[in-house]
Each structure stands twice: as structure tokens, then as C-alpha cells.
Amino acid sequence: MDDMDRDLGDEYGWKQVHGDVFRPSSHPLIFSSLIGSGCQIFAVSLIVIIVAMIEDLYTERGSMLSTAIFVYAATSPVNGYFGGSLYARQGGRRWIKQMFIGAFLIPAMVCGTAFFINFIAIYYHASRAIPFGTMVAVCCICFFVILPLNLVGTILGRNLSGQPNFPCRVNAVPRPIPEKKWFMEPAVIVCLGGILPFGSIFIEMYFIFTSFWAYKIYYVYGFMMLVLVILCIVTVCVTIVCTYFLLNAEDYRWQWTSFLSAASTAIYVYMYSFYYYFFKTKMYGLFQTSFYFGYMAVFSTALGIMCGAIGYMGTSAFVRKIYTNVKID
């Protein structure tokens, strides 16, 4: 009963950090850029799956990639809106730098990996080498389509939802974080947070990998939509539970913890890609190995950023709700 009174009482637990829970996260520029990019990746995934269900994109192999590139460029305002508004609410002033980082974070990662693999392909005289014209076209899309649309989204986000409207006032002096048990440390929570979300997509990962690396046709996009919905629900639930335990331990560093605990799903997906490579494929040699693990790193990172953004958005709504409904003296 004493432990229960300690958990439910006003002298302990998450109520005690009401003056610090809405304190800006560390490195807000990077954090807001990751959240904006994650929201954009989620929008791209949702739209591409819907289009694939309607238009039967699986009949032509290149049509899926072309659709994804077009949708990614068209949804750039989503990145700017969520990233720019979050950065403004956290008191950030270098919004132009944040806009550039948010706009080029994912394209730079993809293009950097593709160019590295392309050099290896040219060295081996492989047919998968990317033509120079394609590289120029991608760069033009980044500078003349993605960046302007991201600017529009950033301006809208800063003006429409950039004002901080937290239910609790932030204290001037940060509250010291008390010692807690080892399994309540943010690093442990981050490592364990991705297990359940990965379990929810584990079966689907096999079919996605097979369609991409074994050149099998994937056509059950309705089931993929269901898996995406389940992934979102599980991710939000897990991050909310992790954040609640963290706040109950009077540790208010929940922003990065909620993002990274959900994003750690990518670690387990990338670990699964090793199993798939050695036991399900017949690839060998430097080029095929670098091609496989390079693009799997891009896929896993993008998935992790998306899951992290989903987890943070859900957790942010939860934190705002519980501190709105609590009367603080």
C-alpha cells in the first residue's frame, strides 16, 4: 500500500515534473527536422499504398519508385509544417537552417547511399549503375521542387501553430533528475521500445524483402495498409507506456526518449535483414553486398524516422492531455 500511495500521491511521480515536462528538447533543430521528415515519410507511405491499391502499380516494376518520388516531392509541405511548427514552439530562431535540414535530410541520405553504391557499380561495370542524367534530375527535384514546397510548409507551420500553448508553465531552473532503477533509464527504454512494433510487422517484412530482393510480385497492398495501421497503434501505445514510466520516475526527458524508443524498431528490422541476406538470398561479392546492406540501411532508417515521429506525436498528445486534466497548485 505504501508503494501505491507513493505512485498515486501528489508528492511523487509525474505530477512533480509539471514545471519541466514542456521544456524544449535538447538539440531542437535536429529533433524538429526528424519529426517533420517522419511525418512526411508516413504521408508518403499512406498515399503510395492507397495509389497501389487503386492503380495496380505492381504490374510495372519502375512505376512504384516513380510514384514514391513524385509523392515525396509533393508532400514536402507536410515536412515543413510539422517540423517548422515544432521548432517554433520550442523557441527555435534559426528556422531557415531548420528548413534546409528538414528538406534535405532524407534526400541526402538516399542520394549519398545511391552515389556510393553507384561508384562500386561503375567499377564493376554493372548494369545497375545510375546514369548521370538521372542524378542531375534528382538534384533538380530537390532544389526546385522539394525545397520551395518545404519553405511554404515551414511558413504555414510557424504562423498557424508555432505559438507555444502548453498547459503548464515551464520553470526557469531545471529540476534535478533523481536516481532511478536501471531499467527506467532512457537508454534501456529506447532499446526495448522497438521490440513490440517490430513484432507487429515481422511477418510482412519477409514478403516485402522477397518482393524487392527475390523479384517476386507483391500485390496484397490492402494487407500492407492493415499492417501500417497496426504498426501505428502499437508504436503509439508502446511509447506512451514508456513515457509514463519515465515521467513517473520524475525524469522529464521524454521527447527524445519517445522518438528513439519508437525509432529503435529500425534496429531490429536491420538485424532481420542480416538473417534474410545469409539464409534467404544467394548474393555474394562486394557489389551485391554493398547494394543490399546500403539500401536496407536507407529503408531501416526511413522506417525508424517514421516510427519515431508517430511515437512522438502520439506521446505528445498524451502528455498534453494528462497535464491539462491535472490541477497544479
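Placement of Cβ uses the backbone N, Cα and C atoms for every residue, glycine included.
Given the structure is predicted, the values throughout are model-derived calculations rather than measurements.
Here's what TrEMBL has on this protein:
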type     : residues : note
TRANSMEM : 29-54    : transmembrane segment
TRANSMEM : 66-88    : transmembrane segment
TRANSMEM : 100-124  : transmembrane segment
TRANSMEM : 130-152  : transmembrane segment
TRANSMEM : 187-209  : transmembrane segment
TRANSMEM : 221-247  : transmembrane segment
TRANSMEM : 259-279  : transmembrane segment
TRANSMEM : 291-313  : transmembrane segment
Can you find at least 3 Cβ pairs under 8 Å between the transmembrane segment (100-124) and the transmembrane segment (187-209), where each pair is 6 or more residues apart in sequence? no
Thinking of Cβ pairs under 8 Å, which stretch from 29-54, 66-88, 187-209, 221-247, 259-279 has the most of them with the transmembrane segment (291-313)? 259-279
Residues outside the transmembrane segment (66-88) whose C-beta sits under 8 Å from one of its C-beta atoms, at least 6 past its ends, are 28-29, 31-33, 35-37, 39-40, 43-44, 47-48, 51-52, 57, 95, 98-99, 102-103, 106, 141, 145-147, 149-158, 160-163, 309
